[in-house]
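Down below is the structure, laid out as structure tokens.
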Amino acid sequence: MVNLNTIAPKNGRSYYIALGLEGSANKLGVGVIKHPILKEQEIGDHSHDCHAEILSNIRDTYTTPPGEGFLPRDTARHHRNWCVRLIKRALKEAKINDPRLDLDVICFTKGPGMGAPLHSVVIAARTCSLLWDIPLVRVNHCVGHIEMGREITKAVNPVVLYVSGGNTQVIAYSENRYRIFGETLDIAIGNCLDRFARTLKIPNAPSPGYNIEQLANKCKNKDQLVELPYTVKGMDLSMSGILAYIDSLAKDLFKGNKKNKILFDTKTGEQKVTVEDLCYSLQENLFAMLVEITERAMAHVNTSQVLIVGGVGCNVRLQEMMAQMCKDRANGQVHATDERFCIDNGVMIAQAGLLQYRMGDVVKDLKETIVTQKFRTDEVYVSWRE
Amino acid sequence: MSQELVDQVSKYLTPAIPIEPISQGAEAVVFTTTIHPYLPTINEKQKFIIKYRPAKRYRHPIIDRSLTKHRTLSESRLLAKLYQIPGIHVPKLIACDPYNGCIWLEFLGEDLPDAFGFSNLKNFLWMHASENQNPYGDIVRETLFKVGEQIGLLHWNDYCHGDLTSSNIVLVKKDEKWEPYLIDFGLGSTSNLVEDKGVDLYVLERAILSTHSSYAEKYNEWLIEGFSEVYKSNGKQGAKKLNEVMKRFGEVRLRGRKRSMLG
């Protein structure tokens, strides 16, 4: 039996407040979340419906010039520079005057992610914890995404498609773990899109994937498709080959290599394919693969709900395709969130961390606050679900 | 299953062929029928499987057409070849229409007692993991060993399944014992690469781990025992090949992303 109310909120309040700090990649997020104490949470699994109130959700993204990716060292410096300012702003927005009294817990990302940025954020978390004498909770980034998605959409037990710059996983809950059914064998989908955006030298703001989506929308010839490898391996997929192939096409296109029969007409030398067509084909191909493995997982665990989380989850075309797939399966439902909760943010860390805190999982010694680049979703014991 | 889909299939098959939907997998819907596509009806109780791959509207028509055709055709080819190999149990292929994504197969399996559903390996294991049953009983062990043998035979003959899960293995009762049949070769291939075999085993291991978590360790051990047996019975060369496959299997297992590197 799950009882989420074993640990009473500070100072006899009737609600919990948690601060979440996230900085596993190029986004620095700070969020404050509030959970009221609910009677029904003492007797069963209501972790998807905490009546959470988001008091503040602030994010700052480290953006690099077109054609460049973000390097760990520079990203860490960005996080160090902005962390204090963001925490102050978040607390102000949440109307927390004295964090010593008002905060129950501080949650930070333990992993997975880039080492250096994770480090700069955890230092801020430790400092705040010592300064205000507040316990710490370490959160798995992926679990943060899942819990936020569940809270926002109220999906009880969905198959989760987690797609972002560093992760591509199909996840389903079973016996206190979020188990990974399928995942990428090499690079993540967001990484594939980002790197293609770099080849095309399109802007990294607001995000490379978004700009590819916009280019794909402008594709004039949607009946035609540039044929790309379709690499689904059982429940898993592989994307590095697709990237290498489409990269070489893009390079030939920019060089005007007339020998390439796919891009140019052999007789007239006329250009047949545009950058927009490439973007469109890439998206169609990659997303078809994603939806296919999600459908496979749904069939396997026999559920009809899908939850899309992670940065790539904002992509409207992906949501459309998923909705179509669910419509064709009986009673299928798609749950997706918008940019505020899809893209890395602090609130999701606070949400998952607060659930952990309410189940009694806190850091007892600062020694336990190490961060790690490798931290699989299925390593976390999910005590707050049945 | 949506009514729309059933109507679509009925229209394609014409009303002369009555169909009953039995399951919706990820990429195909499966129906039973009593009509043989080209032979006269011998007895009223005969049953056949129709596996239909509906057009997936979510993906681009070009991708969809090429995948449907490719998968239906390759599945039919594989089934036809595998059926002729002694020892391997697969359903018999009756007819195939790759452009419409439709194949006819012989019907296999039965219903398990106490409403545990159709007799695939998944339901079988769940049945034995339920109350008053022994999840580690001899019957489970023997069946899993045989499943392992089937996969061993498949790999020994240089075929790969591509999507080994406990729901893709059907158990047929013969003299109070269960004979496993491999079904759904939609992602199958012929391959003599250790890589593909390693991935095949890894997919199965993970599928068992995710659907039968509590007993997975022992289950996987028994599967591998059966698998190894086939290779070992082929003398020195078999042992050598087994070694290669198992080595690669171990490597594939380490390959997943973000695994903590302990030890």
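Any Cβ shown, glycine's included, is placed from N, Cα and C.
Remember, predicted model here, so these are calculated numbers, not experimental data.
The divalent metal cation binding site annotation in TrEMBL covers A:HIS141, A:HIS145, A:TYR162, A:ASP344. Look at TrEMBL and you will find A:TYR162, A:VAL163, A:SER164, A:GLY165, A:GLY166, A:ASP194, A:GLY209, A:GLU213, A:ASN315 tagged as substrate binding site. Per TrEMBL, the feature domain 'Gcp-like' maps to A:54-350.
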Which of A:HIS141, A:HIS145, all binding-site residues, has a Cβ with the fewest other Cβ atoms inside 10 Å: A:HIS141
Listed binding-site residues (A:GLY166, A:GLY209), ranked by Cβ neighbours within 10 Å, top entry: A:GLY209
A:ASP344 (divalent metal cation binding site) - helix vs strand vs coil (DSSP): coil
Residues within 8 Å of the A:HIS141, A:HIS145, A:TYR162, A:ASP344 Cβ centre (excluding the divalent metal cation site residues themselves): A:SER24, A:CYS142, A:GLY144, A:ILE146, A:SER164, A:ASN167, A:VAL309, A:GLY310, A:MET348
Other CB atoms, at most 10 A from the CB of A:TYR162 (divalent metal cation binding site): 27
Three-state secondary structure, A:HIS141 (divalent metal cation binding site) (per DSSP): helix
Pairwise C-alpha maximum, in angstrom, for the residues (A:TYR162, A:VAL163, A:SER164, A:GLY165, A:GLY166, A:ASP194, A:GLY209, A:GLU213, A:ASN315) that bind substrate according to the record: 18
Cβ neighbours of A:SER164 (substrate binding site) where a neighbour is any other Cβ within 10 Å: 25
Where A:GLY166 (substrate binding site) sits in the secondary structure, as DSSP reduces it to three classes: coil
Cβ neighbours within the same chain of A:ASP344 (divalent metal cation binding site) - under 8 Å, at least six residues apart: A:GLU22, A:SER24, A:ALA25, A:LYS27, A:GLY29, A:ARG59, A:HIS141, A:SER164, A:GLY311
Other CB atoms within 10 A, centred on A:ASN315 (substrate binding site): 26
Local confidence of the prediction over the domain 'Gcp-like' (A:54-350), expressed as mean pLDDT: 94
Pairwise Cα distance for A:HIS145 (divalent metal cation binding site)/A:GLY166 (substrate binding site) [Å, integer]: 13
Cα separation, A:TYR162 (divalent metal cation binding site) to A:ASN315 (substrate binding site) (Å, whole number): 13
